Amino acid sequence: FEVSVKDENVEEDSSTVQEKSFENVSMKKFKCNFCEYCTSRNDHLKNHVKRIHEKLKNYKCDYCDHKTARNCDLKQHIETKHLGIKKHKCTQCDYQASQKFKLKHHINGVHLGIKDHKCTHCDYETTEQATLKRHVNSIHLNIKNHKCTLCDFQTSQKRNLRVHIDGVHLGIKNHKCNQCEYQATEKSNLKQHINGVHLGIKNHKCSYCDYHATQKSKLKIHVESVHLHIKIINVGTVTIKQIDLEILNNI
């Protein structure tokens with residue numbers, strides 16, 4: 001049995017588990033000294049060690065500071081981030097993805113309702129482990145490592161920082177409403193605007209009163225401020241929520 005490989009830089013999944021699945025178990029004679037990874041090819045083992053353990057990133061993007069360990073990953077980065085190429089299209093909606101696994105997560109979460117990763121602190125569910133981790137760090141641990149150099153804005157995600165800079169400091173708002181003068185930096189914000197303002201769709205209902213909101217975050221703010229009487233206290237760069245325990249116990 002032979003595995004024919006045309007290009008040594010052929011695209012491989014970043015997950016070690018998925019890398020293993022492409023090879024016959026009986027042929028995995030090359031074992032990593034640092035973890036349990038095994039492979040049938042010595043060059044695959046070398047690439048694994050360089051990428052996973054030595055963290056070598058020899059391929060640099062010509063458009064930004066991004067670096068990667070594999071040429072195929074760099075190509076994918078350029079196509080996704082700089083060229084906007086999204087080859088994988090959903091057959092049920094307008095969603096497009098640059099990677100096949102992202103399309104699969106979209107279909108599972110949006111169309112099939114499959115969300116295997118659940119938060120232990122709240123009712124949040126998602127299709128990806130990485131997304132759940134970002135949720136916990138941002139919402140429950142309040143970890144915000146990405147800071148704006150132009151103001152005091154902080155966020156847990158690099159993407160949110162980029163959106164903040166584009167919208168607030170650079171005034172870049174590419175998504176425009178066709179019914180009014182509203183403009184947004186993100187397509188999702190424009191969709192929420194159209195649903196709430198023009199279509200009157202408010203799916204998030206308060207369980208204590210008749211209040212409805214277009215966004216879950218706005219409903220949360222309403223409940224905390226109106227029903228729980230939570231006071232926001234800023235101590236330096238740390239935000240503290242002070243809860244009225246007497247009111248909380250009576251709910």
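From the backbone N, Cα and C atoms, a Cβ is placed for every residue, glycine too.
Any TrEMBL annotation is an automated prediction that lacks curation.
As recorded in TrEMBL:
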DOMAIN    30-58  domain 'C2H2-type'
DOMAIN    59-87  domain 'C2H2-type'
DOMAIN    88-116  domain 'C2H2-type'
DOMAIN    117-145  domain 'C2H2-type'
DOMAIN    146-174  domain 'C2H2-type'
DOMAIN    175-203  domain 'C2H2-type'
As a quick check of your reading of DSSP, tell me how many residues in the domain 'C2H2-type' (59-87) are helical, how many are strand and how many are coil.
12 helix, 4 strand, 13 coil
Against which stretches of its own chain does the domain 'C2H2-type' (117-145) lie, if we need a Cβ under 8 Å and a gap of at least six residues from its ends?
105-106, 108-109, 154-157, 238-239
The domain 'C2H2-type' (175-203): DSSP-derived helix, strand, coil residue counts:
12 helix, 4 strand, 13 coil
